[in-house]
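A.B. asks: The Mg(2+) binding site annotation in Swiss-Prot covers Asn9, Glu382 and rests on sequence analysis. As annotated by Swiss-Prot, ATP binding site applies to Lys16, His209, Leu210, Gly211, Ala212, Gly213, Asp284, Met285, Arg286, Gly329, Ile330, Gly331, Glu332, His333. What Swiss-Prot records for Arg93 is substrate binding site, and it gives sequence analysis as the kind of evidence. Summarising the annotation, Swiss-Prot assigns active site, proton donor/acceptor to Asp150 and lists sequence analysis as the type of evidence. The site 'Transition state stabilizer' feature in Swiss-Prot is assigned to His181, Arg242.
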Amino acid sequence: MSDVLLVLNAGSSSIKFALYEAHTEPTADHLICEGGIGSLGHRPHFKVVNSDGSTRYDTYLPEGTSHDDAMAVLIGWIETTFPEHRLSAVGHRVVHGGALFDGPVDVTPEVIAQLRAFDRLAPLHQPHNVSAIEALAKLHPSLTQIACFDTAFHHRLPEVATAFALPRELTEQGVRRYGFHGLSYEYIAGRLPDVAGQAVADGRVVVAHLGAGASMCAMLRCRSIATTMGFTALDGLMMGSRCGELDPGVVLYLLEEKSMTAREIEDLLYRESGLLGVSGISDDMRTLLASDDPHACEAIELFVYRIARELGSLAAALGGLDALVFTGGIGEHASEIRRRVCEQAAWLGVTLDPDANARLSGAGRISAPDSKVSAWAIPTDEDLMIARHVWRLADGGR
């Protein structure tokens, strides 16, 4: 019986997973299958695809299926479908680790209690990340569970890059910039030498993780030195339904003049803003790019503008720029967004190769051969990054 590793990413209405062989440190070739249970709270859809993209399982679950029920269904399906494998460990994507966790950690009751303290700092993700850990612990109390943090890659940011200009006692209580999407950035940092060469990897690189959640990270020698997200995953770039950077005075105005509650403001900023709020149409960039509605065009323009603004800021933190990397769902697939960003980055030395950008599939260069600053698109793989952490920390790494 051979060991397998399970990677889980639990959200408000879904549980996504990937299953890997665990006889050696995982690579993309060790993926067995992946999928998830979506639309929880409505009509849950359970779909699994093989590593080659073919459908392995596709069904609907009863309406009213809870997250805990869905977890039981998923684990039961894995055990029934793969009787020749033993589930040796599970890795969870956990968005916020605060200042406590600078790397993956074995989950204990004490760790769970510490993670619960961050629920309010990442309300879209953290409560569901931790609930999945708790549900699995009830199903399999002896199963090794590893928490892998989106904040860990930024744990050694320079102090000046983490500080807010607030009274020192608040800073000492942990009110500071943490940064997120760290699992994605860590994966890209590992891929840079192979895709772009060691000289680029050792240089001044800005990576733009663009998806429903969006952020950017300035890397020097593949280490994070500045990032756009802050105390929470609400800061920085405009996102699918999140506002990004916002004058705190707007929050005070909503509290005092509009008599909104904290929970109403949370819903507004996290779930009703961003591309969705500006366009009034959708939080999906594909829908907006296909639309000729002026509000959709305005949302796209603002999205690109905010990226260009932050790119200049991060280049300043680096003292210059050697390479720009796009990743995430939008960064990997929306050549039009890449084109617009690169055109606005011409002053930094980015010269786009329009043909290379338009035809790119997978990882590759999209800048002209004579571009002073090279530009690249590299697909990310947060699941694989988690699987590697789990393998190193669990049985495979001991």
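We count from 1, first residue shown onward.
Any Cβ shown, glycine's included, is placed from N, Cα and C.
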A.B. asks: Which of the binding-site residues Asn9, Lys16, Leu210, Asp284, Ile330 has its Cα closest in space to the Cα of Asp150 (active site, proton donor/acceptor)?
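C.D. replies: Nearest listed residue in space: Asn9.
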A.B. asks: Check the Cα-Cα distances from Glu382 (Mg(2+) binding site) to the binding-site residues Arg93, Leu210, Ala212, Asp284, Ile330 and tell me which is shortest.
C.D. replies: Arg93
A.B. asks: Quick one: pull the CA-CA distance for Arg242 (site 'Transition state stabilizer') versus Lys16 (ATP binding site), whole Å only.
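C.D. replies: Here the two Cα atoms are 21 Å apart.
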A.B. asks: With the cut-off set at 10 Å between Cβ atoms, which of these recorded positions ends up with the most neighbours? Options: Arg93, His181.
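C.D. replies: Buried the deepest by this measure is His181.
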A.B. asks: Roughly how many Å lie between the Cα atoms of Glu332 (ATP binding site) and His181 (site 'Transition state stabilizer'), rounded to a whole value?
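C.D. replies: Given the Cα positions, Glu332 (ATP binding site) is 15 Å from His181 (site 'Transition state stabilizer').
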A.B. asks: If we count other C-beta atoms within 10 Å, could you say which of the recorded positions Asp150, Asp284, Glu332, Glu382 has the fewest?
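C.D. replies: Candidates: the recorded positions Asp150, Asp284, Glu332, Glu382. Fewest Cβ atoms within 10 Å: Asp284.
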A.B. asks: So among the binding-site residues Leu210, Ala212, who's got the most Cβ atoms within 10 Å?
C.D. replies: Leu210
A.B. asks: Counting Cβ neighbours within 10 Å across all chains shown, tell me which of the recorded positions Lys16, Arg242, Arg286 comes out on top.
C.D. replies: Arg242
A.B. asks: If you draw a 10 Å sphere on the Cβ of Asn9 (Mg(2+) binding site), how many other Cβ atoms land inside?
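C.D. replies: If we count other Cβ atoms within 10 Å of Asn9 (Mg(2+) binding site), we arrive at 24.
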